[in-house]
Amino acid sequence: MAAHKKSHIRIFFVSVMIILSLFSGFGEGQTYINYNGMKGDIIPGCSSKNPKECVKIPAYSYNRGCEISTRCQRQQHSSSS
């Protein structure tokens, strides 16, 4: 009786492994990057008909600000030759 029960368990596990191996191939992705994936940085509306939309605004424009030591006054550097 124990040998008969072990054979049922063995058949069950083999059938589960076969089913899982069949389903494992369905989720595979593409093996290459297509051109649609590389177009993510294109600005919509940027074309030769509308060139002003192609200009990107810088993310950080440097501003030195006010220094306490100069009391917010810029010193004029004279160039002596």
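Using N, Cα and C of the backbone, Cβ positions are placed for all residues, glycine too.
According to Swiss-Prot:
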- C46-C54: disulfide bond (DISULFID)
- C66-C72: disulfide bond (DISULFID)
- 1-29: signal peptide (SIGNAL)
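Sequence features annotated in Swiss-Prot and their locations in the structure.
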| residue | record | DSSP (3 states) |
| --- | --- | --- |
| C46 | disulfide bond | coil |
| C54 | disulfide bond | helix |
| C66 | disulfide bond | coil |
| C72 | disulfide bond | coil |
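Across the fold, the C-alpha of C46 (disulfide bond) and the C-alpha of C72 (disulfide bond) stand 41 Å from each other.
Local packing around the disulfide-bonded residues C46, C66, C72 was summarised as the count of other Cβ atoms within 10 Å of each Cβ; on this measure the leading residue is C46. The two recorded residues, C54 (disulfide bond) and C66 (disulfide bond), have Cα atoms 34 Å apart.
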